[in-house]
Amino acid sequence: MSWSRGSASTWDQIQFADDMQEFTKFPTKTGRRSLSRSISQSSTDSYSSAASYTDSSDDEVSPREKQQTNSKGSSNFCVKNIKQAEFGRREIEIAEQDMSALISLRKRAQGEKPLAGAKIVGCTHITAQTAVSGCLLGDPADSKGAPVLPGVAVFAWKGESEDDFWWCIDRCVNVDGWQANMILDDGGDLTHWVYKKYPSVFKKIRGIVEESVTGVHRLYQLSKAGKLCVPAMNVNDSVTKQKFDNLYCCRESILDGLKRTTDVMFGGKQVVVCGYGEVGKGCCAALKALGAIVYVTEIDPICALQACMDGFRVVKLSEVIRQVDVVITCTGNKNVVTREHLDRMKNSCIVCNMGHSNTEIDVTSLRMPELTWERVRSQVDHVIWPDGKRVVLLAEGRLLNLSCSTVPTFVLSITATTQALALIELYNAPEGRYKQDVYLLPKKMDEYVASLHLPSFDAHLTELTDDQAKYLGLNKNGPFKPNYYR
């Protein structure tokens, strides 16, 4: 995507009163909760979180082997079927109806052009909602053959293999006559690929914006090792991402994914949710509301105590694995559900993942000669043991809500707006404001994102009086939370 650079003066109005104050650094920690993967490892463990496999009705010809041209005569893209572009456009228009805040930001950006001159390479889930945010970032006047988005060359399709996934990333990075100066990542795979294959690209990169737990963890590992060579923005730990996308999005999409794939009734079912972070909290709340008996596993005593006070029993997975009907992982860790756990599950136990990467369930251990795989429907496999026991595996351990259902458009508007502001800030920041480290969005910017979405609910904020603001030691216009608030 191509952009030109413009004045950032108006955008500075949503920063802290002290314009030169840097974003609060998130302290680099070792052993962050439920995370263990290293940037030095192959990123193949998370490729498929952005894809799902093809069912039998799909075209067997790989998109890489097709010769496709869009309406402008360009072939600089690779998608499943360009003939579906009009259908995709209608899907985008539907998504726009519930993304009014992002649309308002897009209108503002069109006038001020805060990302003019920016060349952004991104790796994220391709949906109608991300297409709306892509329209915010793209420049129709400099189209590079986008089949879906103006100004965006898209290389992605449902059903990518691991090789396809890395090929698509490479096609976006290794472009003749075009080099990115900003990275927008979701999971750290793009950043990992650039470090591994094209380290010289970082000479022109002004910053990285990362929105996932997995990707942020990798950035902190790079920072700790002294290998992070550009500033990076941790969007995942912004309040508008953690408390909305992670919590409310998963609270709704977990049920959608399970219902579409299994038709299961949850009343009275025993479910174990591995991890009680924001994603786990959302999943547990939804399942409890439908009458399920919910257990929680946790490594963090604080999250465990929260689960207890929310009415859930905190257990070790091994203590309940024989009796539960559904196992849901949402930790961001690896090998949370092992072959030993799978062997001990009862017949027809449903196993799925809501964490970002596909490493939480040890699916590799199930691809053994003694076990039989039976495709029941799209995204649903029965793994059959020699004694006839069946385990129902959803999306081969990939991200359930993106593989098997949809995610709420409104919540994605909040996340996309936060990402856009992070890109704008990093790109327009004066030289020296950000070092080669990982930064958090300031609460003023979080509050600005929230305020853009309040009109959708006809919400009216109460305003502090001068006396009240003085008493609290706050600016009447915010920020209302300290930088460390999460």
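The backbone N, Cα and C atoms fix where each Cβ goes, glycine too.
Values in this document were obtained by computation on a predicted structure and should not be read as measured data.
The feature region 'Disordered' is assigned by TrEMBL to 25-75.
Per TrEMBL, compositional bias 'Low complexity' is recorded for 36-55.
Listed in sequence order, Ala95, Leu402, Thr406, Val407, Leu412 are the same-chain residues at least 6 apart in sequence whose CB falls under 8 Å from the CB of Thr127 (substrate binding site). Marked as substrate binding site by TrEMBL: Thr127, Asp186, Glu211, Lys241, Asp245.
Residues or ranges marked as domain 'S-adenosyl-L-homocysteine hydrolase NAD binding' in TrEMBL: 246-407.
Summarising the annotation, TrEMBL assigns NAD(+) binding site to Gly277, Glu278, Val279, Gly280, Lys281, Gly282, Glu298, Asn401. Counting every protein chain shown, the Cβ of Glu298 (NAD(+) binding site) has 25 other Cβ atoms within 10 Å.
Within its own chain, Asp245 (substrate binding site) has Val411, Leu412, Ile414, Thr415 as residues 6 or more apart in sequence whose C-beta sits under 8 angstroms from its own.
Of all Cβ atoms in the protein chains displayed, 25 besides its own lie within 10 Å of the Cβ of Lys241 (substrate binding site).
When the Cα atoms are compared, Lys241 (substrate binding site) and Lys281 (NAD(+) binding site) turn out to be 14 Å apart.
Sequence-distant contacts of Glu211 (substrate binding site), defined as residues of its own chain at least six apart whose C-beta falls under 8 angstroms from its C-beta, comprise Thr124, Asp185, Asp186, Val235, Asn236, Lys241, Thr415, Thr418, Gln419. Gly280 (NAD(+) binding site): 30 other CB atoms within 10 A of its CB, across all protein chains.
With Gly277, Glu278, Val279, Gly280, Lys281, Gly282, Glu298, Asn401 listed as the residues that bind NAD(+), the site has a largest C-alpha separation of 22 Å.
The C-beta environment of Glu278 (NAD(+) binding site), restricted to residues of the same chain at least 6 apart in sequence and closer than 8 Å, consists of Gln242, Lys243, Asn246, Leu247, Cys250. Other Cβ atoms within 10 Å of the Cβ of Gly282 (NAD(+) binding site), summed over all protein chains shown, number 23.
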